[in-house]
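Take a look at the structure set out below.
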Amino acid sequence: MMNMKEDKKNTMDMTNMKHHDERKKLNSSQGKNEIIFPEVAESKKDNNGYKNYTLKAQKGKTEFYKNNFSNTLGYNGNLLGPTLKLKKGDKVKIKLINNLDENTTFHWHGLEVNGKVDGGPSQVIKPGKEKTIKFEVNQDSATLWYHPHPSPNTAKQVYNGLSGLLYIEDSKKNNYPSNYGKNDLPIIIQDKTFVSKKLNYSKTKDEDGTQGDTVLVNGIVNPKLTAKEEKIRLRLLNGSNARDLNLKLSNNQSFEYIASDGGQLKNAKKLKEINLAPSERKEIVIDLSKMKGEKVSLVDNDKTVILPISNKEKSSNKSNTPKVSKKIKLEGMNDNVTINGNKFDPNRIDFTQKLNQKEVWEIENVKDKMGGMKHPFHIHGTQFKVLSVDGEKPPKDMRGKKDVISLEPGQKAKIEVVFKNTGTYMFHCHILEHEDNGMMGQIKVTN
């Protein structure tokens, strides 16, 4: 029989223990930074009909707060990973590369595949090693995700940035928004704690589930979303280590709940709130056209603002441009600058183009976690025509023949490019220090 002293001691121990379901206070987003959306992963189809992808788990640095860089992890970049868009019936081949200093795996959360390629703890890829997996997609449309699953370091690797989305695209016609990054929006919600404005998992780790005091959406601190006055589809992932979310709109308006973890519902449901456990996904459609002029936010049940949403009117000044043949992504600041994720290599030809052939290039100044900076983009050996900026007709001072276009963070332009001579030409940012730091590429023009 337990004596009185033991009983008193155990009672005190239980009193001092933190309850497993206790919620750490989460601070509201101040809505200072526009969210950015993960890039869509590019694939190449081989002669056997497989869509080929490459995913690298790698180390990086992320500027969550101005002039404060955190050590982070990402897939094919500094933080998070690209979105893989698949369809039912696709045959898929993915080269998985571990560029970390520790073991990792690549787990396809929610994907129905053979256990040999599921990416569980037994399917370790060691540092510096790689392997290729194959599978066929046998599921209907759904929002899934991928993340590491190495024992015992899953929590640490996910917290530090290893997460990405995987769509199985709509196979049946429906009226749901489907323009990725415009009205079909991936929303990865996470909570983290920053120590002196830097990530430090070891100092914030909790064995009963690490919860943070700062909300991030798609890796952005103090996020906000600006969207047109139309229906928008939010593909919500609770990518937190341990925090449950109970999401609703701040104006208490209802929305359509259209899909759960495994895919679309037979019939959409009108709801005013949804629960999201860690790793859970749900899709909702919000009709912003019915909320003109309103300040609305996606909030957690304790009124914590997760994502302020502001409306912008539909633009009537759209510019119709031909199909894009080349995409240029300008990224970074200081010496962390790249074009399409690459530093300049004199032995690498990035693009080719035929002599006298008109092509449309899309130039994007990718906004980073702190907003980024303006980049003047220059092409050697040609004068180009600016067709559009952010989908609209270019401003008057961007018309006429040009060889430099300067883009603000987040801006995207389409330009018409024709080369009248053959040879190898440079394209680069014309901030000279950025050029010297590798923000440059090469195009070869041939007959």
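First residue shown is number 1, and so on along the chain.
Each Cβ is built from the backbone N, Cα and C atoms, and glycine gets one as well.
Swiss-Prot has this to say about the protein:
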type	residues	note
REGION	1-29	region 'Disordered'
COMPBIAS	1-25	compositional bias 'Basic and acidic residues'
BINDING	His107, His378	Cu cation 1 binding site
BINDING	His109, His147, His430	Cu cation 2 binding site
BINDING	His149, His380, His428	Cu cation 3 binding site
BINDING	His375, Cys429, His434, Met439	Cu cation 4 binding site
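Structure with Swiss-Prot features highlighted.
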residue : record                   : Cβ within 10 Å
His107  : Cu cation 1 binding site : 20
His109  : Cu cation 2 binding site : 18
His147  : Cu cation 2 binding site : 21
His149  : Cu cation 3 binding site : 22
His378  : Cu cation 1 binding site : 17
His380  : Cu cation 3 binding site : 14
His428  : Cu cation 3 binding site : 24
Cys429  : Cu cation 4 binding site : 24
His434  : Cu cation 4 binding site : 23
Met439  : Cu cation 4 binding site : 26
Among His375, His430, the most crowded of the binding-site residues [Cβ within 10 Å]: His375
Nearest-integer angstrom distance between the alpha carbons (Cα) of His430 (Cu cation 2 binding site) and His107 (Cu cation 1 binding site): 41
Cα separation, His109 (Cu cation 2 binding site) to His378 (Cu cation 1 binding site) (Å, whole number): 42
Cα-proximity to His107 (Cu cation 1 binding site), 10 Å cut-off, over binding-site residues His149, His375, His380, His428: His149
Spatial neighbour of His147 (Cu cation 2 binding site) that is closest, considering only the binding-site residues His375, Cys429, His434, Met439 and their CA atoms: Met439
His428 (Cu cation 3 binding site) versus binding-site residues His109, His375, His434, Met439 - nearest by Cα: Met439
Cβ-based neighbourhood (8 Å from the centroid) of the Cu cation 4 site, residues His375, Cys429, His434, Met439 excluded: Leu330, Gly332, Val337, Ile339, Pro376, Phe377, His428, His430, Ile431, Glu435, Met440
Distance, His109 (Cu cation 2 binding site) to His434 (Cu cation 4 binding site) (CA atoms, angstrom): 39
Of the binding-site residues listed as His109, His375, Cys429, the one whose CA lies nearest the CA of His149 (Cu cation 3 binding site): His109
